[in-house]
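The structure appears right after this line, and notes come after that.
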Amino acid sequence: MSKLNPRTTKYEFLGPPGAFLISIGVPSMIYGLYYGCSEQTGGCPPPTLTLSKLTSELTTLPLTLPLHELSWWKGLWHEVWDTDAALMYFAWYAFCVVAWRVLPGDQVEGTRMRDGNVKKYKINAFSTFLLALGLVTGVIFRYGPENFTFLYERWIGFATAAIFMSVFQAFGVYALSFREGALLAQGGNSGNWVYDWYIGRQLNPTLSIFGAEFDIKSFNELRPGLILWALIDISMMCEQAVRRGGIGGVTDSMWLVLLFQVGYIADGLYNEPAILTTMDITTDGFGFMLSVGDLAWVPFAYSLQARYLVFHPILLGPVATALIIAVNATGYHIFREANSQKNDFRNGKDTRGLKYFTTESGSKLITSGWWGRSRHPNYFGDLLMALAWSLPTGFETPITYFYVTYFAVLLIHRQRRDDENCEKKYGKDWDKYKKIVPYRIIPYVY
């Protein structure tokens, strides 16, 4: 096992200090996006949240916060914790686990791991999504949209419960990684527990649930957080409907956000096998980085636009609506066609006659189609869709464009990580490939 699990000798994210700061920063940003863009705090941003006032408060923070007083901590806990919301969140997670076990699904093989094993994954995330969507739709049509507004009303409590679950799972899988025979992630075996806990020490932590092998990482990647994102968007739509006299009063901007985001979620769940070849599954361990991203960041940060439109409804009109749809459709076409080309080529089903470059190791790198225009064309499509999701919120605040800004930074970082790994894997062949396909994400630009 020492040969299979060599020590990690190179840190990412600035090592343990960076891992610690991100572990604090991500949950803080989730709360920050809420309190900085919320009806409860007065707007987006709140009128009193001026740059000078914020700067002044930050410079005096250690002196003004009574961190030594128990009452202050109790007040903070009372602000973010909601027992009813937590119980509903844990029930939701349990529902996803039961659906995974009970609903039928194909067993699909993943990529071969470095120990020679090939894991099998049960593919039924889309079925879980349809079941959840059917139940929610039934509630809305039977009892009215006012009975599905609780995700908006208890948003902060649900976010806290998701963060709590993320922390709990990160410690749990870190402990599981010390079991005999565990295959560790090559980037998560540094020996520093803070860094390994954050980045993920074990590659594929698993449990036995109801007599079946439960892969924690692939389950979290698509089910609890991603489907919850769709339900949060629907809850935001219901809240707007209640305020505007019914479903017929929902604005075109809200419908666009709902269509784009729920459609994107449905597409990802329907094409579940595609994630089995992504870096998250094949390379990264499962630690706090992925747990908080999957369970808390995705549903509660990515639903910002829909939440904003609840208390700041915008009527776009037919021209603006058509233009935004065109931007999203373009992004979706690039994203789906690029991924389809890659998956068909890898599985020996290419019917497009794609050209490719063969490395010395025998691997084949596509050099035509969308993959001939840039090395990550799917990221380009993702960015266009991210922009389209923010455009319905108008231009009165930059906060609702946080998602596309953050996503650009994330994808550039991921592209650089991927290029580093490919350079190690292919050596001088990667340099040749980069000359053939020089652009990283956006063709002819970057």
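The chain as shown is numbered from 1 upward.
Using N, Cα and C of the backbone, Cβ positions are placed for all residues, glycine too.
Feature annotations, reproduced from TrEMBL:
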type: TRANSMEM; residues: 12-34; note: transmembrane segment
type: TRANSMEM; residues: 86-103; note: transmembrane segment
type: TRANSMEM; residues: 123-143; note: transmembrane segment
type: TRANSMEM; residues: 155-176; note: transmembrane segment
type: TRANSMEM; residues: 246-266; note: transmembrane segment
type: TRANSMEM; residues: 286-302; note: transmembrane segment
type: TRANSMEM; residues: 314-335; note: transmembrane segment
type: TRANSMEM; residues: 386-412; note: transmembrane segment
For the transmembrane segment (12-34), distant same-chain residues with Cβ under 8 A (at least six beyond the ends): 80, 155-156, 159, 163, 187, 192, 194-195, 197-199, 288-289, 292-293, 296-297, 300-301, 304, 399, 402, 417
Beyond the flanks of the transmembrane segment (155-176) by 6 or more, those residues with Cβ under 8 Å of it: 27, 30-31, 34, 79-86, 88-90, 93, 182, 193, 196-198, 200-202, 205, 207, 216, 220, 225, 228, 232, 286-288, 291-292, 294-296, 299-300, 307
For the transmembrane segment (123-143): best-contacting stretch of 86-103, 246-266, 314-335, 386-412, by Cβ pairs under 8 Å: 86-103
Surrounding residues of the transmembrane segment (86-103) on its own chain - C-beta under 8 Å, 6+ positions past either end: 122, 124, 127-128, 131-132, 150, 154, 157-158, 160-162, 164-165, 209-210, 212, 214, 219, 223-224, 227-228
Range from 246-266, 314-335, 386-412 with the greatest count of C-beta pairs under 8 A to the transmembrane segment (286-302): 386-412
Long-range neighbours of the transmembrane segment (246-266), counting only residues six or more past its ends (CB under 8 A): 126, 129, 145, 226-227, 229-230, 233-234, 236-237, 240, 302-303, 305-306, 309, 313-317, 321, 324-325, 328, 332, 385, 388-389, 392-394
